[in-house]
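Annotated features, as they stand in TrEMBL:
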DOMAIN    160-327  domain 'OBG-type G'
BINDING   SER173, THR193  Mg(2+) binding site
REGION    331-385  region 'Disordered'
COMPBIAS  349-359  compositional bias 'Basic and acidic residues'
COMPBIAS  374-385  compositional bias 'Acidic residues'
Amino acid sequence: MKFLDQAKVFLKSGDGGPGIVAFRREKFIEFGGPDGGDGGKGGDVVIEAVDGLNTLIDYRYQQHFKAPRGGHGMGKDRSGAKGEDIVLKVPVGTQVLDDDQETVLADMVEVGQRVVLLRGGDGGFGNAHYKSATNRAPRQSHPGWPGEERWVWLRLKLIADAGLVGLPNAGKSTFLAASSRAKPKIADYPFTTLQPNLGVVYVGEEEFVLADIPGLIEGAHEGSGLGDRFLGHVERTRVLLHLIDGTQEDVAEAYTIIRGELEAYGNGLDEKQEIIGLNKCDSLDDEEIAEKKAILEELADAPVMVLSGATGIGVPPVLFELLRRIKDAKVEEAEDSAPGRRHPVPVHLGERTMAEPGKELQLGNDHLDQDHPADDEDDEDDNAR
């Protein structure tokens, strides 16, 4: 199945059904009065995250989705049938963006999550709605209210625990194949990987999901080489494994380019935990490994792990470190979302004030020390008594 992570679709909810003009007709009842029912509500447009999908390829071949309109009202005060909802099934991790590709309308992060994107129009009134003491036989009805319509973008951002980043030919796909059962395309030329890949990594009795994205080039955050779309697939990860090809001349430049792209892309990518791996150590001698490792450690001010995805040298320690970082991140997330945890709350006192991240807003009691005219009047009344 081909991989597609972005699609533009047109959505339209159903129009409301028209009300009807009808009158009660029964034997021996000459003037039965109006009994025209209201029209039915139009169908909604709903998006649902489902398990088992990992691409938006279905939306390449069908871009227009229209929900049916509501049914006509009927006599005997019977309302029309509601239009059937239309449900768009998407992979978990799909975002729904407005036509400007910036405003997020929905973020589908859980299996079974459903969001109503467009609501169907209400049904029109039948003539029974218009009856009154002065208009006992109305011959008017409402045609129903129109539904909503809009163009939206569907963008898939894969959900993984860890992500692989690096320049083209850094050995990311080889590492993914060596650490999981994924079978990405591997070759000795740049840009072998043309689409993101996911692999489940087993470490002892535990597991995590690892995402491999195509190699990044300078200017990726601006869209060069589709880099801005590929970086979106590691936005949801908890830790990044930055692989650097040890056989290239300038490892410092390779590290700096990727770090610069992460910072320029934003969305917190440059703030994620990072493990630096000097890859392809099987092609280097001990002196070269020590020299390039020292250069990277001085530049990044962090330890560098040496490995070879092709031979498996150093891969297990990297996997254990990835698992440890992921577990630590999960613990921090659980603590942050604990019910009893206090969070800073913005408070409005005359002027708008905001709490700084990581700090609680402290409210002083200075306002209690101020003299209030009402208090002075109370004191004078007490003295007079």
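Heads up, the Cβ atoms here are built off N, Cα and C, so glycines get one too.
Predicted automatically and left uncurated, TrEMBL annotations should be read as such.
In this structure, SER173 (Mg(2+) binding site) is part of a helix by DSSP. Using a 10 Å Cβ-Cβ cutoff, SER173 (Mg(2+) binding site) registers 24 neighbours.
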